[in-house]
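J.: I have a structure here, written as structure tokens, and I will follow up with some questions on it.
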Amino acid sequence: MASAITQCSTSELTCSICTDYLTDPVTICCGHRFCSPCLCLLWEDTLTPNCCPVCREISQQMYFKRIIFAEKQVIPTRESVPCQLSSSAMLICRRHQEIKNLICETDRSLLCFLCSQSPRHATHKHYMTREADEYYRKKLLIQMKSIWKKKQKNQRNLNRETNIIGTWEVFINLRSMMISAEYPKVCQYLREEEQKHVESLAREGRIIFQQLKRSQTRMAKMGILLREMYEKLKEMSCKADVNLPQDLGDVMKRNEFLRLAMPQPVNPQLSAWTITGVSERLNFFRVYITLDRKICSNHKLLFEDLRHLQCSLDDTDMSCNPTSTQYTSSWGAQILSSGKHYWEVDVKDSCNWVIGLCREAWTKRNDMRLDSEGIFLLLCLKVDDHFSLFSTSPLLPHYIPRPQGWLGVFLDYECGIVSFVNVAQSSLICSFLSRIFYFPLRPFICHGSK
């Protein structure tokens with residue numbers, strides 16, 4: 001009966017991937033257990049959806065439950081199995097002819113009992129070799145988890161910058177079109193300024209693009225180094241226990257070097273170029289927008305889209321709470337169906353806001369979303385200390401500084417243009433170009449909590 005119990009516990013505490021006793025055990029949705037390092041490396045190398053290596057059941061998420069009780073079972077099981085130690089593991093003290101079965105915490109040297117009582121080591125803390133093995137093994141697991149988190153963060157940054165690189169040239173070309181469309185409205189003498197602006201934008205775009213490419217290369221190399229370090233730690237955790245104290249010091253130094261060398265993602269932000277006379281020209285079409293308090297539309301779907309977009313910008317390991325930011329919306333009292341109109345909104349005290357124009361019919365509906373038709377909006381969302389700007393139709397990020405005072409909104413109904421300007425900088429934020437308005441428009445303002 002005792003052998004049956006031993007056989008049962010041994011099979012339960014064996015990893016099906018490495019066929020060894022479980023290290024930092026976890027269980028997935030189907031109930032099978034594996035070493036956390038083995039499962040992490042296996043799932044990262046698999047391009048198909050994450051599935052159990054035993055029963056092939058697909059796991060819906062990467063998060064697994066840690067088995068707290070398993071660690072207590074693995075330790076005595078390891079002790080009950082004869083250790084195949086190298087000859088150096090059973091060293092005999094030359095001076096006292098006794099087995100070195102203690103480890104000094106200070107210099108991590110093997111000692112016999114009499115050596116541990118010598119003046120050199122008497123004030124130091126000592127562990128039995130088996131206790132020290134488990135102590136250093138836990139330290140290794142902590143280092144492995146730290147390395148894996150760094151690798152995951154590096155991979156997220158790499159994916160984000162790869163996506164930016166894929167659309168960067170399109171964004172630069174589109175922004176050049178926006179800027180070029182602004183200048184024909186002003187006098188001929190501004191042509192020279194336009195040319196300088198576009199050339200500087202192209203030059204700045206090339207510089208940031210190269211920064212992104214270099215950062216992408218650094219992150220890719222760091223991912224390889226972190227993977228190698230993680231595999232080395234995994235290999236060390238399976239070595240003869242007596243080698244752990246001597247090797248851990250070098251590993252800790254290398255891990256600290258990798259921590260200091262972790263590449264930081266590039267913040268691809270272009271300069272805000274002043275356009276001469278833009279504020280004066282727009283002020284010719286200034287109107288004063290009042291809010292219609294009688295419109296009580298509740299755009300829950302739009303607010304939900306904003307929260308999820310805000311969460312997608314957060315690269316922390318902690319899950320984002322989509323209800324953390326509360327939004328309230330307001331509609332302008334004026335209905336605009338012709339002519340040129342310009343007004344300004346103070347966003348100085350707002351971190352999260354949505355401002356622009358929407359089709360008048362949306363005032364009577366509650367199903368407006370960020371991808372709905374007939375909305376021309378500029379969004380500002382804050383995550384930690386970073387602000388991101390987006391425009392709708394379609395949703396597009398803008399890598400330029402956010403306005404920190406007054407935001408200007410300009411509508412040219414007949415030409416199908418909606419523009420947003422940074423009043424303090426007299427610079428263009430973005431424009432909706434060559435649209436056809438066949439419906440009335442209303443100003444729309446939405447503010448979110450800080």
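Yeah, the Cβs are placed from backbone N, Cα and C, and that goes for glycine too.
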J.: Pick from 88-131, 132-175, 176-219: which range does Swiss-Prot record as zinc finger?
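T.: Feature zinc finger in Swiss-Prot: residues 88-131.
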J.: What range among 15-56, 393-434 does Swiss-Prot record as zinc finger?
T.: 15-56
J.: Look up His121 (Zn(2+) binding site) in the DSSP assignment and report helix, strand or coil.
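T.: Looking at the DSSP assignment, His121 (Zn(2+) binding site) belongs to neither helix nor strand, so coil.
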J.: Under DSSP, is Cys115 (Zn(2+) binding site) part of a helix or a strand, or is it coil?
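T.: Assignment for Cys115 (Zn(2+) binding site) reads helix.
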J.: In the structure shown, which of the binding-site residues Cys93, Cys115 has the fewest other Cβ atoms within 10 Å?
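T.: Looking at the binding-site residues Cys93, Cys115, the Cβ with the fewest others within 10 Å is that of Cys93.
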J.: With an 8 Å cut-off on Cβ-Cβ distance and a minimum sequence separation of at least 6, pull the same-chain contacts of His96 (Zn(2+) binding site), or say none.
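T.: Listed in sequence order, they are Cys112, Leu114, Cys115.
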J.: For His121 (Zn(2+) binding site), what residues in its own chain, 6 or more apart in sequence, show a Cβ-Cβ distance under 8 Å?
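T.: Cys104, Thr106, Leu111, Cys115 - these are the non-local Cβ neighbours of His121 (Zn(2+) binding site), listed in sequence order.
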